[in-house]
Amino acid sequence: MGRKDSVWSLGEGQPPEDLDKPIDTPPLSTLLIEKPQSGTVALGGDITFVAKVEAKDLLRKPTIKWFKGKWMDLASKTGKHLQLKETFDRFTKIHTFEMHIIKAKENYAGNYRCEVTYKDKFDSCSFDLEVKGLPKCSKIILAFIYEGQEDAGELDFSGLLKHREPKQQDDTPEVDVWEILKNARPDEYEKIAFMYGITDLRGLLRRMKKIPKEEKKSEAFAKKLEPAYQVDKGGKIRLVVDLADPTVDLKWYKNGQEIRPTPKYIFEHKGTQRIMVINNCTMNDDAAYSVAAGDEKCTTELFVKELPVKIVKGIEPVKTTVNERIELECEVSEEGAQVKWMKNGVEVPTGVRSRYRVKCEGTKHFLVIDDASREDSGTYSIMATGGTSEAHVQVDLKPLKIYQDLQNMTVMLGQPIKMHCEIYPGNVPGRWYRNGQLIQPNDHINIIHRNKVHRLEIETSSLHDAGDYTFVPEGYSQSLSAKIHIIDALFSADPPRVHLDSLNFPDNTVIIVAGNKLRLEIPISGEPAPRVVWMKGERVRLCGSLQLHGLNLTIDITEREDSGNYKIVLQNEAGEATASVKIKVVDIPDPPDAPLVPVVGGDWCSMTWEAPKYDGGSPILGYFIERKKKQSSRWMRLNFDLIKETSFEPKKMIEGVPYEVRVFAVNAIGVSKPSDPSKAFIPLGDEPTMLVVDDVTDTTVTVKWRPPETIGAAGLDGYLVEYCIEGTDDWVVSNKELTEKTKYTITGLTPGSKILVRVKAINAAGASAPRTLQHSILVKEVVEPPKIRVPRHLKQTYTRRVGEAVNLVVPFLGKPRPKVTWLKEGKPIEPSHVSIRNTDCDSIIFIRKAERSHSGKYEMTVQVENHVDTAIIDIQIVDLPEPPQCVTIEDVWGGNVALVWTPPKDNGNAPITGYTIQKADKKTMEWYTCIEHYHRTCITITELVVGNEYFFRIFSENMCGLSETATQTKKSALIVKEAQCLHEYLYVKTPEYSDHDFKEAPKFTQPLINTFAIAGYNTTLNCSVRANPRPKVIWMKNKITILDDPRYRMFSNQGVCTLEIRKPSPYDGGLYTCKAINDLGEAQVDCKLEVKGQCEPGSEFSVPSFADVPI
């Protein structure tokens, strides 16, 4: 056989021992929208396989893996022959995954698999690659030449090198070994290969795998089991087959053993389908399953995916003292899970003789240390497959408490000495020293330790036994001391006395800061030296005999408990004396309790706390506040000046980040320890404001709101609208995607129901507190009478020229949707001439090219049930006028010509505003304008040149302009001298006449009209007057002349008088008068002006305001 080569190459498929096993294929597709298809490539060519996944319902990119065969991951094989590419289309939201095979080799052929996973979803697809282009050889050995060049497997030529006798030519036809192998069983491959001289069995197996197999149609199964199934641990799986013959007997097997119906294995029949349901899958269910129908059999494999064990509740730090019991508790997500306890990174021994005990109760795991010692301090952790948790354990010595201190003693020579003290804890040993030297027990000295009591006894005292005695508890820095005096004779008696006056302490009170050493020397006298007893309350503190001239009270480290009244009792043979000394130990205050955070805003919070229970004997001066992020260990001080109150508002926090706060109390002595941190809180954005109902129909409700008052650093992603039926708490999200607008319509509601609506502001930190409507909304459309809101410019005649477009929008109100109809002069409007479009709130009338026939009064009718509103819009389409009908020369005299004409027949649907008269010399026929905008139909042209002959023509004029043509005089006028007559020319002998008197008193041809104006918008008053000579025009308000007022502007042009009032207010309303005066008389006209204030939104005269525009 050939050498064993590595199977870790791109050309390998499954390992040889797995060739007979089916390839694992997951259940039907749930993610792939386009699967890679099997393909064929020429040797040395390129090929690409494409898989596509739709990402509309996915929050992140799915994970894809490419496999060759059953187990080889191609991600580690990328290089010059294999490339993997990923792209994402943002418009179609489709992920595209491509696998490029470059310069394919023969060993690249085989079965490939693509697997896609996303959270709990899984999908896979298998496909084949066939490489063509191999030369056909009659010898089967040549089929493996290319495979031998790679690392897939080489030929073994050792058998070919043996000396063999040359064979004679055989005329037997060549045998197709592949056909033999295809029809043979797998266990006969080796025998056939040996018969035909094939030595590379590995290559033979690979080539056999590439040969497509002709699947025989099953007679028993219409649909077999899938090649493989996958299920999570604890889940349920259904194995389904479809029988061609429902009457055939069916049996299920697991690893070759027949399965019987149990609560775990349930068999179901649905038509021709046979289903086996496996409940509560465990790792024991990960096996090969088969189903036999008669003589046929199909198999599959079930893979049970074990979910990682997660830490639900981590272990907590422990701080305790020696000899206490320590119990570390952790809760995991699954019962019976395997965990590992570690101490400082090393696994904790849990044997029979170990100090550590491990126990498990359901999902809870415990590590117990019964008798803790200082060596048990460290970092303990628990490891599970889905995470770890750790905590620090600190074991300290118990605080030393002195119940009975050593007492100074004066002993007669030869008398016994008995010294004893009482301390806690009682199991702490200690050492005795005399003058700094360690005392060892012997026949003369006896040392006793019983529970809390330590004794030193000397049967017979000697002068050598006098000195300073000290008892030091083991492991503590504190010590107890006393002095022993040995006397051998009695002295003369003197009563004891205490001299407190010499201490100069006010009220005999001694104040000392905690932690400092107190040394109090009390002067006393007495002979012999008195016996001293110190008492605190009713309890004896210490006793002993001191020197004659003084008494020392020493506390090495003062504590709060040392405060109080100390009583000194002196006794000797001569008498007894007492005195009291008050010791006040001041200290830093206790830390306050953990602060409370009742209110949390967008970037601020409100915190409160209680004053510390003990102020340290000195009044509290104030507090310091610190804050930190929960994940951080760095505290940041928020105030550098003390806060007197017990409340504070931290600011400038980041939305969505959990924070903790703590408090320090400060008195004259110093700063207390920090309080416990508050419960973690997360600043969230403010809720929306001004939530109101905008519209209600039978199936929809429209609400609108304002953005939050403050928007933090996280910004604002959008809004979420929710509603619920009144009387329930089942809130339904109306908008699946966030809306950035401040108005939203809830659809699909049940008519007649009552709902509550609320809106939340969403950003990266999460959802804000909801803003809820105070009252429920009845889903029923309210009938609102129609109201046509005719725009101001349409309340007068709307004028347009012929050929221009007419586009009028007339808004209206009304619910439900009103019915709108249009009539022109009482008749329906032809849709071919005028286009009309109606919406819920307005109607549009549109004429692409206006004609004269479109002029008229249009009546708009809006109807809601029995309510009707109408409006009339006057449309005037104007055009250029025709020229005057006839122009004649009435008279010629001197250098003057009198012309008379008749108005045009067609004025263009607009009043004639004037005429333009032109003249032309007959010689040149060049026309010159004599006068423009002339109003009358007769005129005298003056200053004509004598000897010239003139023609005249006249244009009509209206608001559109001059007529396109002019009417010319048929005859000419010759300007001649007196008594000169020329034939063939028209001339008129100048008669004698008297000058016409054109003087005229003022007369108003157009009066003033009562007018309504809106405050803040300019308005004008117009009238026209005729008079000769030109009159003087005076404007008056309420009979008072308007003079030099900048708010008024007065114009007069060709008899048209105009008064413009700039931005009137309601005080500008009143009676306005226009008065015209000349030498012949005077005339006046009046009108009333009413100025309305700014109207409410929605009224007839409402004006758009920036306040109405949503922010």
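Numbers here mean position along the shown chain, with the first residue as 1.
Including glycine, each Cβ sits where the backbone N, Cα and C put it.
TrEMBL annotations: computationally assigned, not manually curated.
Residues or ranges marked as domain 'Ig-like' in TrEMBL: 26-130 (among others).
Taken from TrEMBL, the feature domain 'Ig-like' covers 308-394 (among others).
Positions annotated as domain 'Ig-like' by TrEMBL: 399-481 (among others).
Under the heading domain 'Ig-like', TrEMBL lists 496-584 (among others).
Marked as domain 'Fibronectin type-III' by TrEMBL: 591-685 (among others).
What TrEMBL lists as domain 'Fibronectin type-III' is 687-782 (among others).
Look at TrEMBL and you will find 786-874 (among others) tagged as domain 'Ig-like'. Across the domain 'Ig-like' (786-874), DSSP classifies residues as 6 helix, 52 strand, 31 coil.
The annotation domain 'Fibronectin type-III' is assigned in TrEMBL to 883-979 (among others).
When averaged over the domain 'Ig-like' (1002-1090), pLDDT in the model lands at 92. The domain 'Ig-like' feature in TrEMBL is assigned to 1002-1090 (among others).
Per TrEMBL, region 'Disordered' is recorded for 1-23.
Break the domain 'Ig-like' (399-481) down by DSSP state and the numbers are 3 helix, 44 strand, 36 coil. For the domain 'Ig-like' (1002-1090), the DSSP counts in helix, strand and coil order read 3 helix, 58 strand, 28 coil.
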